[in-house]
Amino acid sequence: MKFAHLADVHLGYEQFNKPQRAEEFANTFKKALEMCVKESVDFIIIAGDLFNSSRPSPGTIKTAIKLLQIPKENNIPVFAIEGNHDRTQRGPSVLHLLEDLGLLYVIGLRQERVENEYLTSERVGNYWLVKGVYDNLEIHGMKYMSSAWFEANLNFFKGIFRPDEDAILVLHQGIRDITEKVFPSYSAELKLSDLPRGYLYYALGHVHKRFETNYGDSPVVYPGSLERWDFGDYAKRLVWNGVTFREEVGSDKGFYIVEDFTPRFVNIKVRDFIDVVIKGDSEREIKKAVKASLPHIPRNSYVRFNIKWRKPFDVEWIKEIVNAEYLRIHTAIIKDEKSMNGESVDIKSFFTEQEWKVIDLASSDEFESYIEKIVDILSGYEKKEEREKKESKIRKFERPKNPGDLTAWLRGG
């Protein structure tokens with residue numbers, strides 16, 4: 001058996017307000033589908049965020065319909081779940097429209113029972129768990145859910161996903177053990193040990209950098225986004241050390257072909273994102289670093305200069321000498337540490353891990369792109385605070401020394 005595992009396609013994303021980028025996201029998806037046909041896969045899994053929005057434009061929907069004709073015309077079924085970008089809070093999503101058009105099959109918890117060549121349903125409480133079917137293999141999954149939901153429903157989640165036969169699990173979630181290594185600023189709703197056991201392959205989405213690990217003997221795989229979604233997902237990062245640049249290579253972009261449950265990454269060439277990090281004490285040093293970076297910047301790349309300085313100065317001249325397709329300049333005063341009574345204090349120590357993540361995301365150049373993540377972090381954090389307050393109230397009441405003397409206990413005796 002051979003299938004393709006894609007995620008985070010983000011159709012319709014006019015990155016940096018550039019319609020050209022939405023076209024590039026669509027063209028990369030087209031390349032991936034054509035590669036799937038060439039590889040003669042049996043089916044395709046899209047592990048969330050086919051669209052960048054739950055309300056894509058008519059033009060974006062039209063593009064999706066056109067592109068999904070590629071697997072349909074080659075008799076390749078596509079199984080999909082909703083991600084945090086394209087899910088709806090209630091009712092059908094645009095994915096269900098594509099399902100009605102016969103272009104893909106939506107798996108997960110649904111209000112209605114669905115039975116056809118590639119879908120079957122199992123009653124779960126007030127819902128139907130709709131599962132994909134291909135030969136003797138089942139494809140289980142559900143749409144993106146928040147940290148607060150998993151905190152309240154983890155046992156339910158583990159209870160409904162119990163494979164009796166060969167099966168794949170498809171999720172669009174952050175796994176903490178993985179996000180801490182790949183994308184520390186990402187919110188994570190689950191630990192690796194929270195995943196239900198017994199699946200032959202865990203097809204994940206949500207994290208935009210590719211990553212492979214195992215859960216027991218089964219592969220746990222993030223293919224990453226097809227295109228570079230922000231500058232955190234760079235092709236190359238240049239870090240100035242005061243003399244020269246140290247180069248950090250980012251992750252490749254593409255998807256996985258999985259044959260007999262063994263994943264193989266398929267690379268797709270996409271536009272380069274270059275992240276240039278310069279920290280300097282003087283205007284002279286920063287100018288020297290900017291000029292030294294020029295030979296490392298391809299003409300058609302998107303570039304971000306991340307400049308940290310002691311004292312601001314005009315940086316408009318950078319736009320005149322950097323020959324790139326797109327240029328963004330982010331500046332910040334060096335203020336990692338504050339002085340308190342003559343002692344150096346790490347500013348992070350004043351915040352919890354969740355609070356610092358929110359501050360980090362909110363101060364990013366791509367703030368608007370991270371709104372969903374910030375909301376998820378805050379909703380989970382509020383839930384935790386509420387629970388801790390309740391537990392605190394409960395702890396204030398101790399059992400009476402003599403359980404039979406309730407009046408003495410109430411008097412404090």
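Each Cβ is built from the backbone N, Cα and C atoms, and glycine gets one as well.
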Of Asp42, Asp49, Asp166, residue recorded by Swiss-Prot at the Mn(2+) 1 site of Asp8, His10, His208: Asp49
Same-site residue for Mn(2+) 2 (record: Swiss-Prot; known: Asp49, Asn84, His172; options: His5, His206, His296): His206
CB contacts for His172 (Mn(2+) 2 binding site) [other CB atoms within 10 A, all chains]: 29
Check: same-chain CB within 8 A of Mn(2+) 1 site center, minus Asp8, His10, Asp49, His208: Ala7, Val9, Gly48, Asn52, Gly83, His85, Gly205, His206, Ser225, Leu226, Trp229
Rounded Cα-Cα span from His85 (active site, proton donor) to Asp49 (Mn(2+) 1 binding site), Å: 6
Binding-site residues (Asp8, Asp49), the one with most neighbouring Cβ atoms at 10 Å: Asp49
Separation of alpha carbons, Asp8 (Mn(2+) 1 binding site) and His85 (active site, proton donor) (Å): 9
Chain-internal residues near His208 (Mn(2+) 1 binding site), provided their CB is under 8 angstroms and they sit 6+ positions away: Asp8, Phe183, Gly224, Ser225, Arg228, Trp229, Asp230, Gly232, Asp233
His10 (Mn(2+) 1 binding site) versus His172 (Mn(2+) 2 binding site) - Cα distance in angstrom: 13
